[in-house]
Amino acid sequence: MRPKISIIGAGFVGSTAAHWIASKELGDVVLVDIIEGVPQGKGLDLLQAGPIEGFDVKITGTNDYSATAGSDIIVVTSGAPRKPGMSREDLIRVNADITRDCISKAAPLSPNAIIIMVNNPLDTMTYLAKQVSGFPKNRVVGQAGVLDTARYRTFIAMEAGVSVEDIQAMLMGGHGDEMVPLPRFTTISGIPVTEFISKERLDAIVDRTRKGGGEIVNLLKTGSAYYAPSAATVQMVEAILRDKKRVLPCSCYLEGEYGLNDIYFGVPCVLGAGGVERVLELPLNDEEMALVKKSAEAVSSSIAALKAM
């Protein structure tokens, strides 16, 4: 029997993720959305691409959560984007309501699933998903660092004039302006990145990475990134379903790692069939640790705002 992946939210990120999951034949896909006709139409459209692209999986579009029963993975992409004039608290309130609704309906139907959160504010919504689902910490994880690291690697490859395939990089922290790219742990085919790029240019790349999502929002005018976010999500899905033990930066629940507690935070982890199989603690220097602490304060503040609601 093929694995079953349920994607909650049939917007750009959800439907693009469904496409890549199907094309990689990672499993059968259930696409869920509250808008009648949208998941059904996108699901049917995607199914009809199968004969052309050469994939053969079952794709179901639905407004009914019962179709998600027995899922191996639940991906939550549904959420409202931050609009002009909207405070961080406003965004938390709106998306917390959506997340509670999605998780309370999907989790009981798939008690052994692994949940991958993709909606924003990412670390806070992942924290909420763990609370609402009651799942153990290893089976609730947030997708942020894979995307942020991909942006970082892309900018480094552009600057160095080399293949993006040869950039190895790590990034930590909350998904936002306080993320912590780690140049000291960045190499080009094992060669320190500082052999290719000056500190000044590297600092500029780090800054651009932090603002990576906003840069695309500003260019699009309406909407936000979806190709890279969905690709990042599918990389995590594949790592879990194929038990690849990938070392990826993900939003994980911490209990003492890096001196942090009761927080979802972007850290390197081993991702496999058990979900987050272990968190890796890097030997950070004082400067890096200070940036991590600052980032953690921003995430903790967001989680505190959630708890106060």
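Cβ atoms here come from the backbone N, Cα and C positions, even for glycine.
For GLY9, ALA10, GLY11, PHE12, VAL13, GLY14, ASP33, ASN95, VAL118, ASN119, ASN120, the entry in Swiss-Prot reads NAD(+) binding site. Residues near GLY11 (NAD(+) binding site) in space but far in sequence (CB under 8 A, at least 6 apart, same chain), listed by position: ASP33, THR77, SER78, TYR226.
Counting Cβ atoms from all protein chains shown, ARG151 (substrate binding site) has 25 others lying within 10 Å of its own Cβ. Secondary structure from DSSP puts ARG151 (substrate binding site) in a helix. Sequence annotations record features per position, and here Swiss-Prot assigns substrate binding site to ARG82, ARG88, ASN120, ARG151.
The active site, proton acceptor annotation in Swiss-Prot covers HIS175 and rests on sequence analysis. For HIS175 (active site, proton acceptor), other Cβ atoms within 10 Å of its Cβ number 26.
Across the residues the record lists as binding NAD(+) (GLY9, ALA10, GLY11, PHE12, VAL13, GLY14, ASP33, ASN95, VAL118, ASN119, ASN120), the two Cα atoms farthest apart are 17 Å from each other. Each residue contributes its Cα atom, and for ARG88 (substrate binding site) and VAL13 (NAD(+) binding site) those atoms are 21 Å apart. Reported as a whole number, the C-alpha separation between ASN120 (NAD(+) binding site) and HIS175 (active site, proton acceptor) equals 9 Å. Nearest in space to VAL118 (NAD(+) binding site), taking C-alpha to C-alpha distance over the recorded positions ARG82, ARG151, HIS175, is HIS175. The substrate site in the record is lined by ARG82, ARG88, ASN120, ARG151, and its two most distant CA atoms lie 24 Å apart.
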